[in-house]
């Protein structure tokens, strides 16, 4: 277990080709974010004497909900928290939430943020930090914001995704970004192909390559870092964002 915060731990489980399941642990209870598959989650929880408190679902894609049913079969008292607007596609949810709803999970305040774009009903979960407890804010953002990138627009429009990223960009700059895929290196290589002289992109790319060579993930990042190196966050208007998204969709590394 690693990635310790004050009073809790956030642990990554890399699965499939590039998915990351995040396990948030406090006092022997676990919150699982977007479990693509169940087996490694069950093994980690049982191997560490943990019980499943709840599952947070950002959206309905199979590589985010594929392991949930088996997890609640093993821990039937666990809650599944998902967007009320996605009830027809995440039918096993037991707690349906809406935009700006505030939750209290294991003593931590969580705010639900609607971020349509990748899918029409995508949500993020924002853990509000505090100076008193020395906890940085945390955002579990699924496939909306990636390291140096953003999700493809399978259901939403460029306008929706631009507005969703703008909402995220209004969060505190020290917010830690816990996305659901390890795409950072490829995203930075794409960004460098557009801005080959950008020192921030170049430095982050070198750092990511070094981290990966040592067996570490490139995420979480901080929002302050995304503001410097993520072209989608840097986009000044919807038109610029749409052009970048189209360019990225057609880019071959």
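Even glycines carry a Cβ here, placed using N, Cα and C.
Shown in sequence order, 83, 86, 118, 119, 121, 122, 123, 142, 143 are the residues of the chain, 6+ apart in sequence, with a C-beta less than 8 angstroms from the C-beta of residue 59 (Zn(2+) 1 binding site). DSSP assigns residue 59 (Zn(2+) 1 binding site) to coil, not to a helix or a strand. Sequence annotations record features per position, and here Swiss-Prot assigns Zn(2+) 1 binding site to 59, 61, 118, 143 based on sequence analysis.
Of all Cβ atoms in the protein chains displayed, 26 besides its own lie within 10 Å of the Cβ of residue 143 (Zn(2+) 1 binding site). DSSP assigns residue 143 (Zn(2+) 1 binding site) to coil in the three-state reduction, outside any helix or strand. Summarising the annotation, Swiss-Prot assigns Zn(2+) 2 binding site to 63, 64, 143, 181 and lists sequence analysis as the type of evidence.
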8 Å Cβ shell about 59, 61, 118, 143 centroid, Zn(2+) 1 site members excluded:
58, 60, 64, 119, 122, 142, 144, 151, 154, 180
For each of the binding-site residues (61, 64), count the other CB atoms lying within 10 A of its CB, then report the residue with the highest count.
64
Which residue among the binding-site residues 118, 181 has the fewest other Cβ atoms within 10 Å of its Cβ, if you could check?
181
